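Notes for the one structure printed next.
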């Protein structure tokens, strides 16, 4: 019987170490390129020198204050949004679910715009600490997802209803954000617009610190509750009869995903579609295991935002185009592809 | 099975349950015997599936109670209940790319703890459940590639892996051909006979119900219309009262169980005849 117990249970697990290794290598290459590429090329050995503390003054400035923060911000944000997407897809049993589709991103955007507008003084300075911006994003995101649930009511278990209400709530949040930007102080508009498109280039170390401190406990919680996720793949009755407390788990996961998204977008902005694509790719590459799925989603999400940022830096230089535009341009067709595949599935 | 425990594994007492204003179960009382096969039958919408779910506490009544070994299930933890009662839904679903073994493993969920997510005991239970249902050879197959009969056996394996003493199955033979219907119900019977499990089944086919039930229960409009052995319940009069069909009861010459031969639907029979006449 021990022989049976020792046998690897899932076919996907066998190749997972290989895939994971490949991903980590690619991740490192992307990260280093993210530091090296830009308006001035910094050779990799100089990057290493700066990181080890032996760089010259200009290189120190470029690497530590300009390049590295955006690389780290891309990793943290891309990863957080991707994990949120993974959780939402799991708990709604729908691969079309994502923080963007369920209104969380636009809700968070509205929260941030209201925060910026309400708490700025005439001289364009915030009257409170920027550390509260993730909080504003979280409140906005949670309000949006709570609304989606309240509107879906008893049909909240139907993924299609959830998605429809999510899209509706997202549209309303987007419209309100627009109004806030148009009637708000003019000097805030550009800032808000950049935020909404999702840009990693203006993130500074103190903001990264806040993101990091919020993200670590959230990811630990995510890995701890991952054990609850496999039965959520079943229909409601079956999930509950194997002992999953579905209403509680579902609510918890939704809140967790909303907060993860909020932390992810708080400083970087509404990066589109990573929450949809990354979990999907993670499942395809790493199989159905939940812990691997979460780690894989994080790494792939991080890579996607890194790559997007790298692309806008190289392709559009010297203009700084928000990285979120790239993810949206790639993500929207992907969403359509999933949607069409889903339809042919059902029909 | 010690003597001091009651003969009834489950006792539903005056259970009332409503969806909104529609009362589905109406002060329903039903004792379910330990170690027996109880089959619930009744017309569509009579509340039998609801009753099954209420027994598993997937639905809660507004009045009355369900006792499991004389303990109100409302006072039990969700985990305890999942360790004691397994339920196979009427049309269960799981992602198509899930493997057979992965699906069956989900039955071990209530046995797992944070500290011990997967033990050799869990693996053994999964192997036993797959062997018992004859799906071991399919373990790596994605469930979307299975036939209806295979898939149903896999779902039953999931419930078996849960290793509960009480097993509830909601129309387990729906959508199965006759051979797979018998195979599935024979498996259920064997679980009952060999392991003394208490089985509660919802079945639509009265003849299958009569053949496999120790206790047959007719449910009508949220109440128990009758219960007893198949021999007691399979009477033309009762079947007419509960299902609204004229029927003749004969004895199956092979198994000796009563067989119902429906003649025509009582209330509609004249109307149908007229329609047929018109059509001709």
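Note: Cβ is positioned from N, Cα and C throughout, glycine not excepted.
Per TrEMBL, transmembrane segment is recorded for A:12-37 (among others). Panel annotation: around the transmembrane segment (A:12-37), residues 43-44, 47, 63, 67-68, 70-71, 74-75, 285-289, 292, 295-296, 299-300, 302-303, 306-307, 309-310, 313-314 of the same chain, lying at least six beyond its termini, place a Cβ under 8 Å from a Cβ of the stretch.
Annotation source TrEMBL lists transmembrane segment at A:71-88 (among others).
Positions annotated as transmembrane segment by TrEMBL: A:100-119 (among others).
Within the same chain, residues 99, 102-112, 114-115, 119, 162, 165-166, 168-170, 173, 206-207, 210-211, 214, 254-255, 257-259, 261-263, 265-267 sit at least 6 positions outside the transmembrane segment (A:131-151) and bring their C-beta atoms closer than 8 Å to a C-beta of that stretch. Per TrEMBL, transmembrane segment is recorded for A:131-151 (among others).
What TrEMBL lists as transmembrane segment is A:163-188 (among others).
Feature annotation from TrEMBL assigns transmembrane segment to A:248-278 (among others). Long-range contacts of the transmembrane segment (A:248-278) within the same chain: residues 73-74, 76-88, 90-91, 96, 98-101, 104-106, 108-109, 111-112, 133-134, 136-142, 144-145, 149, 194-200, 203, 207-208, 210-211, 214-215, 218, 221-222, 225, 228-229, 232, 297, 300-301, 304-305, 308, 322-324, 327-328, 330-332, 334-335, 338, each at least 6 residues beyond the stretch ends and with a Cβ under 8 Å from a Cβ of the stretch.
Within its own chain, the transmembrane segment (A:290-312) is flanked in space by residues 12-13, 16, 19-20, 23-24, 26-27, 30-31, 33-34, 37, 70-71, 74-83, 85-86, 90, 200-201, 219, 222-223, 226-227, 229-230, 268, 271, 274-275, 277-279, 281-283, 320-327, 330, which lie at least six positions past its ends and keep a Cβ under 8 Å from the stretch. Annotation comment: TrEMBL describes A:290-312 (among others) as transmembrane segment.
Residues annotated as transmembrane segment in TrEMBL: A:319-340 (among others). Proximity of distant same-chain residues to the transmembrane segment (A:319-340), defined by a Cβ-Cβ separation under 8 Å and at least 6 residues beyond the stretch ends, is recorded for 74, 95-96, 101, 194, 197-201, 268-274, 276-277, 280, 304-305, 308-309, 311-313.
Sequence-distant contacts of the transmembrane segment (A:100-119) (same chain, six or more residues past either end, CB-CB distance under 8 Å): 81, 84, 88, 126-128, 132-133, 136-145, 147-148, 162-163, 165-171, 173-174, 176-177, 180-181, 184-185, 188, 191-192, 195-196, 257-258, 261-262, 265-266, 269-273, 275-276, 335.
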